[in-house]
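Features reported for this protein in Swiss-Prot:
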type	residues	note
BINDING	HIS91, HIS93, HIS257, ASP331	Zn(2+) binding site
BINDING	HIS91, HIS93, HIS257, ASP331	Fe(3+) binding site
BINDING	ARG100, TYR163, HIS193, GLN260, THR336	4-imidazolone-5-propanoate binding site
BINDING	TYR163, ASN333, GLY335	N-formimidoyl-L-glutamate binding site
Amino acid sequence: MGPMCLNRHMGILLKNISTLLTLQGAAAKQGRRIKEEDLSLLQQAAVVIEKNKIVWVGPQKKLPKEFARKKALRDYDMRGRTVLPGFVECHTHLIFAGDRAAEFEMRNQGVSYQEIAAKGGGILSTMKKTRASSLNDLVKAGQRRLDHFVSQGVTTVEIKSGYALNLKDELKMLQAAQKLSGIRTVNTFLGAHALPPEFKSYEDYLTFLADEVLPVVAKKKLARRVDVFIEKGFFPPEASEKYLRRAQELGFEILIHADQMSLSGGSEIAVRLGALSGDHLLQIEDKEIRKLAQSEVTGVLLPTADLYTKTKYPPARAMIDAGVRVALATDFNPGTSPTQNLNLVGLLARLEMKMSLPEVIAAYTVGGAHALNLQNEVGSLEVGKSADILCIDQDWQTLFYSVGEASEKVVFSRGKKVFGTLK
């Protein structure tokens, strides 16, 4: 807490906040072993915003006089609302064309994923539609989806490519993601998502990506992160590790779709290379959990994908108790998690993965911020951080409690109101 210099241009005062969840304690613990006290609750609080940043946060009765002057700040009366950091949605496949609803019905009728893929379905089905889609159409669909995330209180969204699987159209996907507006977005290059029909082996395709695509993505600054789907029968560990090392040489941050279907070494590679995150992690065991706990790798858990694919859930309780920092996300994609519902993610985390509500809130704020290497900017409400703020008209304990929850929300991104109405 404490003031920074307030310059002369108009700032914002959020006052009459009933309960403020700053998450300062969770941020100080880097998102590990979260307890309720780490939400750092303040009653009857206020927040001051200047130049898109938080410059003061604390009990309203302690608001410095220079911030209380009407001429200096625009007042927003929270009227007893609850205020917390905007959610960080750290794993999505937001840019794509078409849907895979017919495949969903086929899976429910007993057709295997492998059979669907053999018939030209799966990721390759989305690939065909995405390659054929115009940049403008991808932007329009992506903006609509992004706005839906914003309406739920999300202020940062990660967006992966990976549904084009060639140079021209992977760049098109990343360009579409860059054109989205309203909140902070983070691009990830996921060319290593599936094997396109133009290639016969995963190793040859990884070589193509490393030699022909990564340098172009780096030069055009279309993404700052590189992801790969390491799995038995898909991208092999050894070739994937070589590919990720090349990405690091080019200046990319790295992350891994790891140990989703089998224990295939993805999480261990993540630790060895210093990846930002290992995502999915359904199959990891005690040895992998211990290594993750001793590292800076964030475990990104995606329970709606597990729900849709009817698989087991990751061992979240064992991970958290061992000291692994975890994040939660939707894995929004047209095939295995066609949902943007944050409440469902959090509810599954509580019901199926035995996470406490404070752990879920921290995972969707501080944990997500670490997964994106944005922990110094977002995830908690502290002086100097971005004014990414969610205001709700309900008690904080109603968060991630009802799938159909419909609280009235107001959302600020970088100090600008981007959703909701305040009088």
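Cβ coordinates are placed from backbone N, Cα and C, and glycine is handled just like the others.
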In the same chain, outside TYR163, ASN333, GLY335, whose C-beta lies within 8 angstroms of the Cβ mean position for the N-formimidoyl-L-glutamate site? HIS93, PHE96, ARG100, ILE123, THR126, GLY162, PRO334, THR336
Count the other Cβ atoms sitting within 10 Å of the Cβ of HIS91 (Zn(2+) binding site), across every protein chain shown. 30
Between the C-alpha atoms of HIS93 (Zn(2+) binding site) and HIS193 (4-imidazolone-5-propanoate binding site), the distance in angstrom, to the nearest integer, is 11
With a radius of 8 angstroms around the mean position of the C-beta atoms of HIS91, HIS93, HIS257, ASP331, what other residues of the same chain does the Zn(2+) site pick up? THR92, LYS160, ASP279, HIS280, LEU302, ALA305, ALA329, PHE332, ASN333, SER337
Tertiary neighbours of TYR163 (4-imidazolone-5-propanoate binding site) (same chain, Cβ under 8 Å, six or more apart): HIS93, ILE95, PHE96, ALA97, ILE123, THR126, MET127, THR130, MET173, HIS193
Same chain, 6+ residues apart, C-beta under 8 Å of the C-beta of GLN260 (4-imidazolone-5-propanoate binding site), given in sequence order: GLU231, HIS280, LEU281, LEU282, GLN283
Could you tell me the C-alpha distance between THR336 (4-imidazolone-5-propanoate binding site) and HIS257 (Zn(2+) binding site) in angstrom, no decimals? 14
Which ones in the same chain are close to HIS257 (Zn(2+) binding site), with CB under 8 Å and 6+ residues apart in sequence? ASP227, VAL228, PHE229, ILE230, GLU231, GLY266, ASP279, HIS280
Three-state secondary structure of HIS93 (Zn(2+) binding site) from DSSP? coil
